[in-house]
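Input: a single structure, listed below in structure tokens.
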There are 2 protein chains.
Amino acid sequence: MGAAAAEQQHQHPYVPRDLHLPDYVPCFLSQREIVLPYLVASLLLVTLIWLLSGRCSTITKTDRLLMCWWAFTGLTHIILEGYFAFTPEFYKEKTPHYLAEVWKEYSKSDSRYVSRDAAVVTAEGITAAIEGPACLLAVFAIASRKSYSYILQFAICLGQLYGCLVYFITAYLDGDNFSISPFYYWAYYIGANSPWVVIPNLIAIRSWKKICAAFQAEKKMKTR
Amino acid sequence: MGAAAAEQQHQHPYVPRDLHLPDYVPCFLSQREIVLPYLVASLLLVTLIWLLSGRCSTITKTDRLLMCWWAFTGLTHIILEGYFAFTPEFYKEKTPHYLAEVWKEYSKSDSRYVSRDAAVVTAEGITAAIEGPACLLAVFAIASRKSYSYILQFAICLGQLYGCLVYFITAYLDGDNFSISPFYYWAYYIGANSPWVVIPNLIAIRSWKKICAAFQAEKKMKTR
């Protein structure tokens with residue numbers, strides 16, 4: 001085989017091994033070079049939102065924390081997941097494009113990303129296009145104490161939880177064999193996704209309670 | 001080919017034609033015999049709920065209509081969709097089992113039911129196991145004016161809408177070629193599903209407005 005042909009036929013690392021990925025180009029960045037910038041950028045964003053929201057004395061600490069979460073998860077949905085949902089050929093990217101690298105790396109834990117599984121693309125597309133902008137609206141709604149603040153947060157949480165259910169159940173039904181190693185399975189597939197199971201559950205329960213309390217207060221007022 | 005072998009190798013009517021369905025047994029009932037009992041049973045249920053709820057003078061007509069809808073959609077989710085989600089081999093059913101017939105017939109408009117597509121099974125499973133019982137709880141919540149009535153209805157609507165998005169987008173991404181004819185495509189795939197797009201949208205908007213109004217009332221009360 002000539003050098004040119006060999007260059008076009010990079011062997012991919014993904015499972016199942018017989019996955020056909022023509023023109024696949026391997027990762028340029030190391031795991032550290034991919035994960036660290038995401039963590040640092042997220043930390044900077046959270047710090048910024050925390051400090052900015054602190055200048056307004058009427059916002060409670062819980063609400064400030066929620067604003068940090070919604071800004072972080074909203075930008076993750078729009079930038080990271082938005083790139084994946086609308087870039088079918090990211091694995092052919094010939095330059096060290098950061099977002100393509102993220103998904104080449106993540107696909108090691110779930111090759112359905114690189115093989116463009118319809119359920120994964122659908123869940124990510126809904127998350128990026130609907131929930132992403134809604135998260136940023138939630139930051140604004142909390143800061144400006146809108147009456148729709150809790151119902152909006154509740155709606156986004158349900159969307160995130162439904163997305164996780166679709167994501168994990170379809171993988172299970174399709175054989176749950178998309179990860180190159182237990183490390184990737186537990187670190188990325190389970191570990192990196194678990195905040196989006198735990199936190200939306202907590203926020204959804206809180207919003208549910210706040211909404212019920214508002215109706216109870218309204219009822220009390222009417223019966224007075 | 002012997003008679004016995006021929007009996008085991010019924011040709012299925014579904015699209016794509018090369019779909020492999022060993023031990024498939026054709027429909028026993030006609031389209032009319034399948035659709036009519038569902039419509040009649042639903043009409044009876046709705047009439048029953050309407051009459052029963054009318055005996056309580058404090059329930060508004062809108063709430064009575066909503067109770068009818070939640071009872072109808074809840075039992076559809078639990079019985080029809082529940083049977084599908086947890087009966088992988090319904091297309092092999094050798095007797096005129098009504099629920100198996102329903103899905104043998106519906107699969108003519110979407111063969112992903114008979115081929116057990118993971119996204120369809122997941123969406124139907126969530127609908128049957130979570131939303132179905134929640135719908136029946138909504139009937140009770142409306143009747144007994146629970147403070148969680150609107151947020152519960154809102155949550156179910158979002159679940160139904162997310163399910164529809166997953167259902168239609170995955171079909172589109174996978175080529176949208178699962179129906180045996182334009183009649184089945186428009187009558188079942190589009191027509192029969194459209195109430196679950198239109199009605200949850202209407203109820204979700206109504207619930208959203210009611211919840212916002214409750215918070216506005218609470219705010220007004222506090223600032224008095």
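Just so you know, glycine gets a Cβ as well, placed from its N, Cα and C.
As written in TrEMBL, here are the features:
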{"type": "TRANSMEM", "residues": "B:34-53", "note": "transmembrane segment"}
{"type": "DOMAIN", "residues": "B:62-204", "note": "domain 'EXPERA'"}
{"type": "TRANSMEM", "residues": "B:65-86", "note": "transmembrane segment"}
{"type": "TRANSMEM", "residues": "B:118-143", "note": "transmembrane segment"}
{"type": "TRANSMEM", "residues": "B:150-173", "note": "transmembrane segment"}
{"type": "TRANSMEM", "residues": "B:185-205", "note": "transmembrane segment"}
By DSSP, what is the split of the domain 'EXPERA' (B:62-204) into helix, strand and coil residues?
-> 108 helix, 0 strand, 35 coil
Mind checking which residues of the chain, 6+ beyond the ends of the transmembrane segment (B:65-86), have their Cβ under 8 Å from one of its Cβ atoms?
-> 38, 42, 45-46, 49-50, 53, 59, 99-100, 102-103, 113, 121, 124-125, 127-129, 131-136, 138-139, 142-143, 153, 156, 160, 196, 199, 203
Contact set, same chain, for the transmembrane segment (B:150-173): CB under 8 Å, 6 or more residues outside the stretch | 66, 70, 73, 110, 112, 117, 119-120, 122-124, 126-127, 130-131, 134-135, 137-138, 141-142, 189, 193, 196-197, 200-201, 203-204, 207-208, 210-211, 214
Which whole-number mean pLDDT does the model give the domain 'EXPERA' (B:62-204)?
-> 98
Residue list, the transmembrane segment (B:34-53) vs rest of chain: Cβ under 8 Å, 6 or more residues beyond ends.
-> 27, 59, 63-65, 67-68, 71-72, 75-76, 80, 98, 101-102, 105, 139, 143
